[in-house]
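Note sheet for the following structure.
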Amino acid sequence: MIDWGAIFSNAAVELISPTTAAYALAALGLAVHFGYTGLLNFGQAGFMALGAYGYAISILTFGFPVWGAVLVGIGASVVFALILGIPTLRLRADYLAIVTIAAAEIVRLLFTTNSFASVTGSANGLSGYKLGFAALNPIPEGTYGFGPFENNAYDWWLRIVAWSVVVLVALFIWQVMRSPWGRVIKGIREDEDAVRALGKNVYAYKMQSLILGGVFGTMAGMIFALPRAVVPSNYQTSLTFFIYAILLLGGAATILGPIIGSMIFWVLLSFFSGFIARAVEAGWLPFMTNVQAGQLRFILVGVAIMLIVIFRPQGIFGNKKELAFVH
Amino acid sequence: MNSTGIAHRFSPRMLVVFFGVLLAALTLSTLAISPAHADEINTDKYDYVLTGNAQFDGEPLDGVLITVTGGGYEAEVKTGVDGKWKIGVPEKGTYKVILDEETLPEGVVVTKGGAELTAEFGLTKVKSVNFFLGEGVRTTVPFFDQFLSQFVNGLNFGLLLALAAIGLSLIFGTTGLSNFAHSEMITFGALMTLAFSGLGLPIWLAIILAIVLSGALGWGLDATIWKPLRRKGVGLVQLMIVSIGLSLAMRYTYQYFIGGSTSQLPGAGQADLKFGAVRISPIDLASMGISIVVLLAVSYFLLRTRLGKATRAVSDNPSLASASGIDVDGVIRIVWIVGGALAGLSGVLWAYFRPGVSWDMGFQILLLVFAAVTLGGLGTAFGALIGSIIVGLFVELSTLWIPSDMKYVGALVVLILVLLLRPQGILGRKERIG
């Protein structure tokens with residue numbers, strides 16, 4: 001018999017898990033790039049990797065405090081955005097796509113290679129950088145919460161910090177997109193030449209947007225690294241594609257879209273994998289092994305991306321008039 | 001390959017850092033979720049274990065790279081600080097165990113038996129494999145000879161990239177689509193060859209059938225997805241994201257059916273022939289020959305036939321071509337069929353070059369194909385050819401100076417540099433990039 005209770009509670013755990021928060025934050029960064037500015041950044045995984053490695057290496061190799069490690073990660077991503085932006089922001093959109101995807105792979109390969117294994121841990125990655133973050137925890141020891149939301153003090157601390165960052169970033173983007181700066185950014189998405197004709201330096205605005213969204217991606221990378229180890233294979237191109245799936249699901253040029261999109265994505269994914277895995281165990285799907293059941297969800301994500309983009313390009317919360325797709 | 005200079009060593013200071021990190025990792029591992037063991041792989045996954053101990057003069061050697069291959073399974077591991085390594089293997093079979101001499105400290109070599117041993121399980125589930133290490137100097141190949149043989153390798157790689165890149169470039173030129181699912185069309189050719197040769201067909205017939213099916217796949221994708229979307233007037237960025245979704249879905253569908261392992265096509269891994277300093281296998285020679293013949297045929301098609309001229313016309317200006325009475329949809333259909341068949345062939349050659357067929361093999365070179373197309377100039381078929389050969393040569397020749405696990409980094413950095421200096425690519429025209 002299938003244990004429905006376990007499937008539902010495992011799915012509910014994902015609703016507020018730090019991973020969901022990290023994906024929501026990365027998707028918010030991508031919303032700044034793609035949804036609001038119309039920049040096709042396919043290198044969000046690279047920004048996340050820089051955040052995770054910047055944080056972990058600062059602490060493990062250089063013994064930085066938590067705030068210093070955070071700053072190192074953010075600094076690395078600003079430099080990365082400048083390197084990406086300078087050659088490509090003057091070119092057509094698909095060039096930025098190819099360069100960002102290539103740059104993210106370069107970052108991942110540099111973290112994977114054996115040449116820097118003493119610092120990066122090569123393919124095995126890094127762990128053991130969480131002590132500083134745990135020491136900041138004001139919550140007394142013990143378990144809190146109920147049902148699927150029962151966690152120990154460290155896990156609650158992590159969730160509170162992660163979701164606070166998400167909320168603050170969301171409020172910031174909401175405000176900044178209502179400001180004159182935000183109107184220029186949205187103008188660039190709609191008609192770059194018109195904005196240029198108004199005397200705005202489109203290149204500089206695009207660069208600012210690239211840096212801003214990249215910094216959010218980097219912060220997402222740090223949150224992503226806190227509940228697990230930093231392993232380079234986590235930062236493959238598929239990570240970027242998953243974040244795109246979340247963004248498109250929620251709505252590209254929205255604030256709530258990436259957040260709710262991430263929750264829906266992870267809850268559905270967890271529910272689906274839990275259900276399929278147990279259905280295989282119960283013998284309902286005799287043609288499938290457990291390993292194959294795990295791959296089914298990636299196939300589904302791919303198909304979902306295609307269907308959303310074709311049939312509901314504005315996503316759940318989006319407005320059809322505000323599409324980055326027009327060009 | 002590169003036997004001098006760049007061998008990976010730990011300097012004393014790096015060692016201190018390494019131990020520091022290790023110590024920190026150990027003391028902090030109460031919080032870590034899964035402490036990574038550098039010296040064990042797949043031992044909890046499989047019952048059978050190969051194990052060994054790398055020592056020199058009683059001193060354990062760490063960071064020595066050991067690779068195990070056999071029965072389509074491959075795994076590698078580095079020895080731990082105690083010099084020990086363990087690799088789990090899926091079945092009780094015969095495995096090749098290779099020690100990477102590059103990772104030994106300076107002055108240490110494998111003295112007896114060679115760096116490649118064969119291990120067979122006896123009555124127990126654990127088999128120990130040990131290499132005889134001793135003092136000595138590795139024989140080095142003269143630099144020029146290394147250069148020459150990497151040059152030939154790079155040419156071979158570039159030619160097989162070109163097959164895929166021309167298809168990608170033609171599709172981009174005629175439809176404006178940056179097709180991220182091209183990698184799965186590459187994988188498809190290799191998979192079909194594997195399937196047909198598995199049915200007992202001779203390899204040449206399997207390859208021909210696979211290429212025909214790859215062409216059919218190209219036609220099918222155009223007919224079922226891309227043509228309706230063009231009709232619907234879906235934007236180019238949307239199309240690109242659809243192709244990313246398609247790529248993800250197809251890739252994991254392959255993995256669903258063939259799993260994560262690597263299988264060899266018949267005839268792979270033949271002994272090398274020697275031409276002076278260059279060692280090359282008959283398969284590589286055949287691969288280069290086939291690539292050159294096919295590329296010449298494609299050039300003839302594009303330059304001399306009516307259909308080829310029509311293709312270039314559509315690539316140049318679709319509305320003008322349409323107004324001149326060219327059947328644009330027909331041309332696009334042909335381009336997808338040709339592009340699919342070329343990608344399939346490229347996949348077969350890539351399977352022999354790597355060597356091996358796996359579910360994500362196409363995706364591994366997708367970025368290089370994109371780099372080649374961008375280098376040559378998006379949408380120009382001959383630019384794609386030149387770009388591919390440059391990328392192929394660059395990737396293989398760069399291993400003379402940088403570690404081979406970073407060889408793709410060089411090619412991707414060059415891509416970014418070219419965009420900085422000459423964004424339209426080598427053969428591209430300026431107005432395409434605005």
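Including glycine, each Cβ sits where the backbone N, Cα and C put it.
Per TrEMBL, the features are:
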type	residues	note
TRANSMEM	A:12-32	transmembrane segment
TRANSMEM	A:39-60	transmembrane segment
TRANSMEM	A:66-86	transmembrane segment
TRANSMEM	A:93-111	transmembrane segment
TRANSMEM	A:156-176	transmembrane segment
TRANSMEM	A:210-231	transmembrane segment
TRANSMEM	A:237-256	transmembrane segment
TRANSMEM	A:292-311	transmembrane segment
Intrachain neighbours beyond the transmembrane segment (A:93-111), with Cβ under 8 angstroms and 6 or more residues off its ends
38-47, 49-50, 53, 80, 83-84, 87, 120, 122, 232, 235-237, 240, 327
Given A:12-32, A:39-60, A:210-231, A:237-256, A:292-311, the one sharing the most C-beta pairs under 8 Å with the transmembrane segment (A:156-176) is A:12-32
Contact call for the transmembrane segment (A:237-256) and the transmembrane segment (A:39-60): at least 3 Cβ pairs under 8 Å, seq gap 6+
yes
If you count CB pairs under 8 A between the transmembrane segment (A:66-86) and each of A:12-32, A:39-60, A:292-311, the winner is A:39-60
Who are the chain neighbours of the transmembrane segment (A:292-311) in space, where the CB to CB distance is under 8 Å and they lie at least 6 residues beyond its ends?
238, 241-242, 244-245, 248-249, 269, 272-273, 276-277, 279-280, 285
